[in-house]
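Asks: Dropping the structure in here first, questions after.
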């Protein structure tokens, strides 16, 4: 069942779920900062709203810089993930770059039915990310996947003399070229692969933080195996 449509009042701001009584004090909460970047109107805000609220924004509202916070359980351990929704407009480049340095994982987003947004991944977004944060993992995310086979969208692309939807093999090839953790396509409207996108982001961030702590020889830090942390993700 697709998510219900949210009014503007419902979708902004988001409220953080309250942890169950006693769970928060049982074990320390791991914090993860996840930043979404990409051209304007590719659906970054919709991804966050659909994932955290099980709803879909009623209308497009350009974002300057919004933050959202939710708690999830990863193999029974509490994890707080901060989702940073950034603007794609050039006049906000300086503001956007301020949130990059301490980011644990990036979602580089493009719309599968906007070839120009795909091109800008290598021309704008990856260079911008790496200028301010050379090490954090990056996931390449194709958004609006529900429109890939939409007849009206295909007609509009053809009439406008533009290219068709971005082919999946081409996107996968780019992910390998830029050394992204993976390439995933999803839809905020239907929620297809939506959870997989954020699960993968959380896993990549956890492994990245573990590697950094290991390099710093922090006492008591153990390497987190992929299979252990991938077993279970759920909202608290």
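Cβ from N, Cα, C; glycine included.
Swiss-Prot feature annotations, pasted as is:
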type    : residues              : note
REGION  : 1-27                  : region 'Disordered'
MOD_RES : 25                    : phosphoserine
BINDING : 38-45, 85-89, 143-146 : GTP binding site
LIPID   : 234                   : S-palmitoyl cysteine
Asks: If you count CB neighbours within 10 Å, which one among the binding-site residues 41, 145 has the smallest count?
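Replies: Comparing Cβ neighbour counts within 10 Å for the binding-site residues 41, 145 gives 41.
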Asks: Taking 10 A as the limit, how many CB atoms besides its own sit near the CB of residue 86 (GTP binding site)?
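Replies: The Cβ of residue 86 (GTP binding site) has 27 Cβ neighbours within 10 Å.
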Asks: Work out the three-state DSSP category of residue 145 (GTP binding site).
Replies: helix
Asks: What three-state secondary structure does DSSP assign to residue 89 (GTP binding site)?
Replies: coil
Asks: Could you check what DSSP calls residue 41 (GTP binding site) once collapsed to helix, strand or coil?
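Replies: For residue 41 (GTP binding site) - judged by DSSP and reduced to three states - the answer is coil.
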